[in-house]
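Novice: Pasting a structure below so you can have a look.
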Amino acid sequence: MASETLSALLLFFFFFFLFFSAPCAIAEVAQPGPEKTYIVRIDEHAKPSVFPTHYNWYTSSFVSSPVQILHVYDTVFHGFSARLSSDRVDTLRDHPSVLAVFEDRRRYLHTTRSPQFLGLRNQQGLWSDSDYGSDVIIGILDTGIWPERRSFSDLNLGPVPSRWKGVCEAGDRFSARSCNRKLVGARSFSKGHMAGLTGAVNRSVEFRSPRDADGHGTHTASTAAGRHAFRASMAGYAAGIAKGVAPKARIAAYKVCWMGSGCFDSDILAGFDRAVADGVDVISISIGGGDGVASPYYLDPIAVGSFGAVARGVFVSSSAGNDGPTGMSVTNLAPWLTTVGAGTIDRNFPAVIVLGDGRQLAGVSLYAGKPLDGKKYPVVYPGKAGGLSASLCMDNSLDRKLVAGKIVICDRGSNPRVAKGMVVRKAGGIGMILANGVSNGEGLVGDAHLIPTCAVGAEEGNAVKSYVATSPNPTATIEFRGTVVGVKPAPVVASFSGRGPNGLTPEILKPDLIAPGVNILAAWTDAVGPTGLDADLRKTEFNILSGTSMACPHVSGAAALLKSAHPNWSPAAIRSAMMTTASLVDNRLQPMIDESTGKPSTAYEFGAGHLNLDRAMDPGLVYDMGVPDYEYFLCSIGYNPKTIQVITRTPAICPRKSSPENLNYPSFSAVFDSTAVGKATKTFIRTATNVGAPNSVYRAKVEAPRGVMVSVKPSKLVFSPKATKQSYVVTVTADAKNLKLDESGGVFGSVSWSDGTHAVRSPMVVTRIEPF
C-alpha cells in the first residue's frame with residue numbers, strides 16, 4: 001500500500017514539474033494578441049511514454065485551459081489544430097517536438113454522357129458483367145451528400161467490404177440509416193469552419209451533418225461512382241441514363257466544405273486523416289487555394305494530407321483549378337497528387353441569338369422557362385453609359401429606365417454568371433446575352449438561368465455590341481435548341497482549366513492530364529435550385545455543372561476501376577497508366593484545340609492528354625514510385641530533413657546529390673537557365689515496370705521539341721519474368737538563350753516506348769527560367 005502511495009506521489013510531482021517547468025508548456029492565463037486557428041505538426045515519435053495517447057500529450061504539454069483542441073490528427077499526419085494567440089504560436093514554434101505551425105486557411109471548391117466519352121461501354125471491359133469496382137471505396141472530400149438520390153442506390157450490390165471501418169454519422173436530417181451498401185459512410189468536419197468564422201453552423205442555410213446543402217459534393221460523388229439512373233435530365237436537358245465512371249464502387253462522404261464559406265485547411269486535413277483510417281482506396285478532392293499563390297508543399301495541408309494517404313496506398317485525385325487560361329494557374333502541384341484539368345465532351349446545349357438584321361450568333365444555354373417564341377425585343381449594352389459595374393451587371397448597377405423590357409448584354413466576370421441574370425430581372429429586363437471577354441475567349445459553359453439567356457464567346461459578344469452601337473433600333477430574340485450530341489471537335493481544353501507550368505517545381509509537369517469537365521450531368525441536392533441562388537426555388541434531381549471539380553471525379557472513378565482490376569498497383573502506377581495512354585487527338589482525329597485560343601493545345605494545357613480509360617486498363621509499362629522516391633524529390637528541391645518530416649512523418653536521409661528531374665514521373669520537363677552560354681544538357685533517369693506480357697521488347701521513339709536534341713539510352717528495353725524493371729536515360733540538349741518558345745512558354749515533344757501493341761507515351765516540355 002505504501003509503495004502505491006509513493007508511486008502516486010511521484011507521478012503527481014512528475015506532472016507538476018512537466019506542466020510548470022517544460023519549455024513547451026503554456027500555462028499563462030493572459031493571451032495577448034488576436035487568436036487564430038493554427039495547425040500544429042508534431043513529431044509523434046517524441047511522445048513521452050507516460051502519456052497513454054497523443055491527445056493526452058497535446059492537452060498536457062502544448063495547450064492548456066481555456067484553449068480547446070479542434071482536431072487531433074493521427075493517421076496521415078500527427079498533430080492538432082486549435083485557436084491560439086500569436087504569443088502561444090511563437091512559443092510552440094520553439095519547442096523541439098514541434099515540426100511546423102501554420103495558420104488555417106480557407107480553400108474553395110473548383111466548380112450522363114461523359115463515361116462513354118472516356119471509352120467505357122456497357123457490358124464491355126471495365127463495365128463488363130463483373131463486379132469491377134465493388135471492392136473499392138472512394139472517399140469524397142466535399143460539401144457532403146444527398147443520400148436519397150437514385151445515384152446512391154445499393155440495389156443488387158453485395159456486402160460492404162469487411163475491412164471498412166467508417167461510420168454513418170448522425171446529425172441534421174441525417175441518420176445512421178442514411179447510408180447503405182453504396183454510400184458506406186458519411187462524416188462531417190466543422191470545427192475549423194466554426195472557429196474561423198461565426199462560431200456556429202448557420203442552420204438556416206446549412207445542415208450540421210453530412211447532408212449536402214450546396215450540391216457540389218452530391219454532384220462530384222455521383223460523377224465518380226453514381227449508379228445507373230434512368231430518365232435522368234436537368235429540366236429536359238441531357239436526357240438519358242445518368243451514371244458515374246465506376247457505378248459499382250462504394251462511396252464515403254466527408255463533408256469538409258460548408259455552404260457559402262468554403263473549406264478550411266484544418267477540416268480538410270481532418271477529412272484526409274479520417275478517410276484513410278476508415279479504409280478508403282481512392283480520395284477525390286475538388287478543392288484548391290483561392291488566393292492564387294502556391295504554398296510550399298510543407299505548408300499545404302492538401303499536399304501533406306495527400307502524402308499520408310498515398311504513403312498508405314490510397315490514390316488521390318485533385319482538381320487543377322479554374323483560373324485558366326492564364327499561364328501558371330494550375331493548383332494542387334504535389335507530385336504524389338494526380339492533378340486533373342478539364343475538357344469538353346461531344347454534347348452541347350446550343351442557343352442562338354437572332355439579331356434584328358437577320359444575323360444569327362451561336363451560343364449555349366440551359367434556360368428551361370417560358371421561351372421568347374421568336375419575338376424580338378430591344379437590345380441594350382449598359383456598359384456604355386453605366387461604366388464597368390453596369391457592363392458586368394453587378395448588384396444595383398443597372399438603370400431601370402435603360403433596361404426595362406429589353407434584352408441586356410452583360411460582360412462575364414466578377415460576379416456569378418447566373419447572378420447577373422437576377423440583376424437584369426430585378427431591373428425589369430426581359431433576357432440576357434452573356435458575353436465573354438478576351439480572357440475567356442470562346443470558352444462557353446451552360447447555366448440554368450432563371451431568365452432567357454444565351455452565353456456567347458468573345459467574337460459573338462463583340463459582334464452584338466457592335467450591332468447595338470451602330471443600329472438605330474437594335475433588336476434580338478433568343479432561340480433555345482435543347483441538347484445536341486456528336487459535337488465536333490471534342491474534347492477541347494476548357495478555357496477555364498488551370499494551366500502549367502508548375503509554379504513550385506517546374507521540373508514536374510502539371511496538370512497531369514485532363515478529363516470531362518464541361519456541362520456534366522450528375523446528381524444534385526434538394527436544398528437549393530440548380531443555380532444555387534436564393535431566388536431559385538426549383539427542385540431538380542440532376543444538375544449540369546462545369547469546372548475542374550467535375551473533371552477530378554472522372555479520374556477518381558477511373559482510378560477505382562483500375563484499382564479493382566489491378567489491386568496490386570500503387571497510386572503512382574495507376575496515375576502512370578492513365579497518363580501514358582492518354583489521348584492527344586479529338587473526335588476528328590486532329591490535335592486537341594485550346595478553347596481560349598482556337599489553336600492546338602500543348603502539354604501545359606492538357607498534361608499527358610485526355611483520359612482514355614479503355615487503354616489505361618492495359619498500359620504495357622508503368623512508372624512506379626513510393627515514399628523513398630518522393631523523399632528524394634523533396635531533398636532535391638532543397639528541403640532539409642526536419643522540413644521533409646513535416647510532410648513524410650519521418651526524417652529523410654538525403655543523398656549527396658539528387659535532382660528533381662529524376663523523380664520517376666511519367667513526363668519530362670527540362671528547365672534551363674536562360675543565362676547559360678551555349679548548349680546545355682539536362683539528364684533524366686527513368687525506370688519502367690512491365691505490367692504486360694512477361695517477355696516483351698520495347699523500342700524508343702522520340703519526338704524532339706523544336707530546336708532541341710533528345711537522346712535515349714538504351715533505345716531498346718528487354719523484359720522477362722526475371723527482369724520486370726528496366727532503366728534508361730534521356731538526355732536533352734538545348735541552347736536555352738536562343739531557344740524560340742511557344743506562346744505558352746515552352747517547346748513540346750515526347751518520348752514513347754512501343755512493343756508493337758502498346759504505345760507508352762511521356763510528354764516532354766523544354767523551357768527556360770529568366771533571371772529576376
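Residue 1 is the first one shown; counting continues down the chain.
A Cβ is built for glycine as well, from the same backbone N, Cα and C atoms used for every other residue.
Automatic, uncurated: that is what TrEMBL annotation is.
As listed in TrEMBL for this protein:
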- 1-27: signal peptide (SIGNAL)
- 37-110: domain 'Inhibitor I9' (DOMAIN)
- 133-607: domain 'Peptidase S8/S53' (DOMAIN)
- ASP142: active site, charge relay system (ACT_SITE)
- HIS216: active site, charge relay system (ACT_SITE)
- 376-463: domain 'PA' (DOMAIN)
- SER549: active site, charge relay system (ACT_SITE)
- 662-766: domain 'Subtilisin-like protease fibronectin type-III' (DOMAIN)
Novice: Can you give the mean pLDDT for the domain 'Inhibitor I9' (37-110), rounded to a whole number?
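Specialist: Averaged over the domain 'Inhibitor I9' (37-110), per-residue pLDDT gives 89.
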Novice: Give me the Cα-Cα distance between SER549 (active site, charge relay system) and HIS216 (active site, charge relay system), rounded to a whole Å.
Specialist: 8
Novice: Among the active-site residues ASP142, HIS216, SER549, whose Cβ has the fewest other Cβ atoms within 10 Å?
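Specialist: Selected from the active-site residues ASP142, HIS216, SER549 on minimum Cβ neighbours within 10 Å: HIS216.
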